[in-house]
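As written in Swiss-Prot, here are the features:
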| type | residues | note |
| --- | --- | --- |
| SIGNAL | 1-22 | signal peptide |
| CARBOHYD | Asn37 | N-linked glycosylation site |
| CARBOHYD | Asn86 | N-linked glycosylation site |
| CARBOHYD | Asn122 | N-linked glycosylation site |
| DISULFID | Cys138-Cys378 | disulfide bond |
| ACT_SITE | Ser228 | active site |
| CARBOHYD | Asn301 | N-linked glycosylation site |
| DISULFID | Cys306-Cys321 | disulfide bond |
| DISULFID | Cys344-Cys349 | disulfide bond |
| ACT_SITE | Asp416 | active site |
| CARBOHYD | Asn432 | N-linked glycosylation site |
| CARBOHYD | Asn444 | N-linked glycosylation site |
| ACT_SITE | His473 | active site |
Amino acid sequence: MEAKTFFLFMLFIFSQSWLSTSKRILNNPSVFSSSLNFSSGNAERLIKSFNLMPKYDVNVIPKGSLDAPRLIERQIDFLATAGSKNASVGPSVQEFGHYAGYYSLPHSKSAKMFYFFFESRNKTTDPVVIWLTGGPGCSSSVAMFYENGPFKISKDLSLYWNDFGWDKVSNIIYVDQPVGTGFSYTSDESDIRNDEDGVSNDLYDFLQAFFKEHPKFVKNDFFITGESYAGHYIPALASRVHSGNKKKEGIPINLKGFAIGNGLTNPEIQYGAYGDYALQMKLISESDHESLKQDYVECQNITKKCSLGGGLVCDSAVEVCTSIFNKIVAKKSGLNYYDIRKKCVGSLCYDFSRMEIFLNKENVRKALGVGDIKFVSCSSTVYDAMIEDWMQNLEVKIPSLVNDGINLLVYAGEYDLICNWLGNSRWVDQMNWSGQKGFGSAKNVSFLVDGKEAGLLKNHGPLTFLKVYNAGHMVPMDQPKASLQMLQNWMQGKLRTTPVLGFSQ
């Protein structure tokens with residue numbers, strides 16, 4: 001794969017040889033070199049066919065090999081750095097606090113976590129939002145530049161204001177995590193995380209340091225958001241924050257809610273929806289559907305074993321269950337499984353190369369304080385290190401949160417196959433919590449944007465589900481205005497079964 005290419009989410013798809021590679025990575029430090037070799041040609045061809053093998057495996061920096069940046073936070077002016085022709089169009093960057101920084105993780109040998117922070121274009125009392133991109137191992141800069149960040153990237157690599165950036169209604173943080181993702185790095189491979197305990201503890205430590213650095217935001221409402229594999233990260237972090245607050249471990253974090261977009265949260269239920277969704281969208285035949293039902297029985301059984309015991313059986317669960325997805329994709333040549341309306345043209349279904357080129361420019365790296373570190377958009381080593389986490393059910397962490405009044409929004413674009421709305425709606429419906437019966441009997445109502453139907457909404461108490469029309473896996477990219485209205489209404493407690501006609505800009 002060429003240096004400019006990468007793939008955004010790398011969910012679900014690999015062969016048995018790819019699974020066995022996880023053991024070699026974790027037991028062989030030589031794997032943490034600038035390239036990753038696979039013993040099986042078939043595995044490599046499969047992975048490349050789905051754009052799952054980034055060129056750069058992970059940012060593991062040998063000790064003493066470069067003058068790695070120390071823990072810093074600095075104010076940045078992206079528009080000036082990019083030499084943007086239209087820098088004068090829109091608000092002045094100087095009006096807001098735009099920051100980039102590193103956080104030295106305390107429970108690691110040498111890990112540094114990179115982040116961006118953008119103060120609200122509206123007012124500093126707006127909620128604080130953290131965004132987590134999935135993968136696992138994909139940089140949150142993907143969302144920042146192509147979905148809901150303050151800026152978009154032009155063809156000439158200049159930047160321009162995003163009219164529907166989430167910083168219009170929130171003070172927003174984008175974190176490169178787990179360690180080894182994006183500009184985050186370590187000099188010791190043992191810092192690479194392999195489960196949600198490690199990931200959520202690192203993020204909790206980061207948030208403690210963030211609020212210590214920015215005390216004026218401590219009392220603001222706080223929301224956790226993200227998409228795709230962040231369907232694992234988000235419940236784990238919400239649970240960790242809630243637990244830390246209860247135990248008075250540090251600075252109280254004013255957690256009000258968490259939102260999962262087209263996420264992977266309960267694999268056992270969601271894999272069962274693949275065949276039904278594919279049939280509904282005419283991707284497969286009735287006979288294909290019947291065959292997939294049998295495959296799902298095996299998937300369901302082994303996923304239950306994974307949830308009970310973890311370990312190697314979870315590797316096997318990924319192999320067994322992803323065969324369902326692979327069989328569907330094989331039926332439609334060139335299918336973009338993140339948006340089934342579109343063709344996956346060329347080597348990538350989406351071209352996000354502008355971001356990699358921009359962030360690897362010398363003047364940009366200098367402005368961000370990242371030294372000579374090469375930007376890694378999606379890390380195959382981080383992805384592989386989390387392999388035994390994939391089939392774990394993170395829904396189990398949610399009932400105690402919503403029962404305590406912490407709001408949950410699950411939203412999904414209707415044309416995404418890989419984390420489809422049907423599978424997400426099923427685990428939400430089946431979740432055992434105090435309001436399950438009330439949610440089950442709640443009516444669906446239209447979600448309106450500018451007076452037009454933009455989705456279908458269901459709500460009861462702290463739980464909301466939203467099916468977003470005319471969107472795929474990345475809702476803020478496909479429906480930027482609707483996603484901004486969704487966020488604002490939800491944070492204000494207005495994303496309810498009573499239609500909301502508009503939002504304030």
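Using N, Cα and C of the backbone, Cβ positions are placed for all residues, glycine too.
Shown on the structure are the features that Swiss-Prot records.
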residue : record                      : DSSP class
Asn122  : N-linked glycosylation site : coil
Cys138  : disulfide bond              : strand
Asn301  : N-linked glycosylation site : helix
Cys344  : disulfide bond              : coil
Cys349  : disulfide bond              : coil
Cys378  : disulfide bond              : strand
Asp416  : active site                 : coil
Asn432  : N-linked glycosylation site : coil
Asn444  : N-linked glycosylation site : coil
His473  : active site                 : coil
Around the Cβ of Cys378 (disulfide bond), the count of other Cβ atoms that are within 10 Å: 30
Spatial neighbour of Asn301 (N-linked glycosylation site) that is closest, considering only the recorded positions Asn122, Asp416, Asn432 and their CA atoms: Asn432
Rounded Cα-Cα span from Ser228 (active site) to Asn432 (N-linked glycosylation site), Å: 22
Nearest of the recorded positions (Ser228, Cys344, His473) to Cys378 (disulfide bond) - Cα to Cα: Ser228
Where Ser228 (active site) sits in the secondary structure, as DSSP reduces it to three classes: strand
Alpha-carbon spacing, Asn444 (N-linked glycosylation site) to Cys344 (disulfide bond), which is rounded to whole Å: 33
Distance, His473 (active site) to Cys349 (disulfide bond) (CA atoms, angstrom): 12
Least buried by Cβ count (within 10 Å) of the recorded positions Ser228, Asn432: Asn432
Cα-to-Cα gap, His473 (active site) vs Asn122 (N-linked glycosylation site), nearest whole Å: 28
